[in-house]
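Notes follow the structure.
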Amino acid sequence: MHPQLEAERFHSCLDFINALDKCHQKEYYKRIFGLCNNEKDALNKCLKEASLNNKKRAVIESRIKRADVEKRWKKIEEEEYGEDAILKTILDRQYAKKKQESDNDANSK
C-alpha cells in the first residue's frame, strides 16, 4: 500500500483507502487473485488527481510569491534609482560609453 496515505493532502481519498483496506482484510484469496484491483485502481486514480491538484495549487502559490518578490524588488529599485529607474538608465549609458572608450583605446594601441 502507499506509505504516505496518512498525510492530510489525501483526505479526499479516504473512502478509497478504507475500501481497499476492507477488501484486503476480508478474504486473503481476493487479494491474491486480484479481486481488489478495482479498489486499487480507484485509489490510484484518486491519489493521482489529489497529487495534480496539490501541484497546481503549489504552482499558483509560487507565482503569487514570485509576483510579491518582484514588486518588492521594483520598489527597492525605485527607492534607489528613482521612478522608472531614470538614474539607472543614465548610469548604464555612462558605463557603456566608458567601456566603449576603453575598448577603442585598447584597439588603437
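Using N, Cα and C of the backbone, Cβ positions are placed for all residues, glycine too.
Per Swiss-Prot, the features are as follows:
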DOMAIN    10-54  domain 'CHCH'
MOTIF     13-23  motif 'Cx9C motif 1'
DISULFID  CYS13-CYS46  disulfide bond
DISULFID  CYS23-CYS36  disulfide bond
MOTIF     36-46  motif 'Cx9C motif 2'
Rounded to the nearest Å - Cα separation of CYS23 (disulfide bond) and CYS13 (disulfide bond): 16
Cβ neighbour count (within 10 Å, all chains shown) around CYS13 (disulfide bond): 21
Largest tally of Cβ atoms lying within 10 Å of a Cβ, found at which of the disulfide-bonded residues CYS23, CYS36, CYS46: CYS36
For the motif 'Cx9C motif 1' (13-23), the number of residues DSSP places in helix, strand and coil: 11 helix, 0 strand, 0 coil
CYS36 (disulfide bond) and CYS13 (disulfide bond), distance between Cα atoms, whole Å: 16
Secondary structure tally of the motif 'Cx9C motif 2' (36-46) (DSSP, helix then strand then coil): 10 helix, 0 strand, 1 coil
Spatial separation of CYS46 (disulfide bond) from CYS36 (disulfide bond) - C-alpha basis, Å: 16
DSSP residue counts for the domain 'CHCH' (10-54), split into helix, strand and coil: 40 helix, 0 strand, 5 coil
Local confidence of the motif 'Cx9C motif 1' (13-23) - pLDDT mean: 88
